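What follows is a set of notes on a single structure, which appears directly below.
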Number of protein chains: 2
Amino acid sequence: MTKINFSDEYFMRQALNEAQIAFQKDEIPVGAVVVCNKQIISRAHNLTETLNDVTAHAEMLAITAAAEFLGGKYLNECTLYVTLEPCTMCAGALSWSQIGNITFGASDDKRGFLRHTPPIIHPKTIIKKGILELECSDIVKNFFKNKR
Amino acid sequence: MTKINFSDEYFMRQALNEAQIAFQKDEIPVGAVVVCNKQIISRAHNLTETLNDVTAHAEMLAITAAAEFLGGKYLNECTLYVTLEPCTMCAGALSWSQIGNITFGASDDKRGFLRHTPPIIHPKTIIKKGILELECSDIVKNFFKNKR
């Protein structure tokens with residue numbers, strides 16, 4: 001039996017797999033997983049085009065599915081892994097969910113939540129960034145390169 | 001035949017009706033309608049407790065339903081009427097939707113989107129506030145008074 005190393009890279013790789021599925025669906029390739037006690041309790045990718053709905057970001061769908069799994073809407077004990085820095089909408093939702101940790105891959109200087117003051121996320125939420133940054137960034141760049 | 005005056009007050013009254021339905025369901029009483037060419041194309045009220053989902057704010061549900069009705073995810077020609085100033089999550093969603101107008105009743109100094117910089121909403125979106133302000137504010141106050 002292969003022992004799995006439940007590192008940040010392991011879970012971000014799962015989020016990247018979701019982003020890859022989005023890419024194949026011609027969606028902006030962003031993926032997310034929510035982890036609780038080293039277990040992935042939800043997975044999602046961006047579906048704004050498929051669902052014709054601006055609210056269908058990977059993070060939003062992952063938050064809703066995680067709450068459904070847990071039977072409670074607060075995610076204090078959970079970590080969200082997402083390939084791209086969340087936007088203000090998703091950060092607002094993460095704030096309402098009281099999520100414990102947000103770990104993202106690539107920064108989004110234009111649409112990311114970190115540029116806003118006062119901070120959108122609760123100060124107790126631990127934010128980590130730069131996990132598999134290059135891969136998380138490249139998949140988005142490649143998507144838009146193909147569009148030109 | 002009674003001629004209806006399609007004023008801001010008229011549409012905010014419809015949003016207040018939605019807030020009243022939320023109140024009766026023991027949900028924080030916020031209601032919203034999306035209007036396009038003087039026609040209400042979606043109505044929603046807060047359902048976070050019922051759906052066990054922090055993303056189920058009135059505005060989010062109204063945006064999703066309006067896009068479904070229009071068959072397109074952009075709401076440039078629409079006005080959102082909502083009883084309470086949207087939070088950062090809802091404002092982020094409204095920004096993605098490119099909504100034309102946001103008209104709200106009561107301000108929310110603690111959770112409202114207007115306190116953030118840089119602004120969350122696109123500068124072209126026209127924001128109006130204070131429509132039926134007292135009623136929109138009182139229904140929330142009464143809700144929390146009953147909880148004590």
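The backbone N, Cα and C atoms fix where each Cβ goes, glycine too.
TrEMBL annotates B:Cys87, B:Cys90 as Zn(2+)-binding residues; of B:His57, B:His116, the candidate listed for that same site is B:His57.
Cβ neighbour count for B:His57 (Zn(2+) binding site): 28 (other Cβ atoms within 10 Å of its Cβ, all protein chains included). Taking Cβ-Cβ distances under 8 Å and a sequence separation of 6 or more, the neighbours of B:Cys90 (Zn(2+) binding site) in its chain are B:His57, B:Glu59, B:Met60, B:Val82, B:Phe113. The subset of recorded positions B:Glu59, B:Cys87, B:Cys90 lying near chain A, with Cβ atoms under 8 Å apart, consists of B:Cys87, B:Cys90. Per DSSP, the secondary structure of the domain 'CMP/dCMP-type deaminase' (B:6-116) breaks down as 43 helix, 28 strand, 40 coil.
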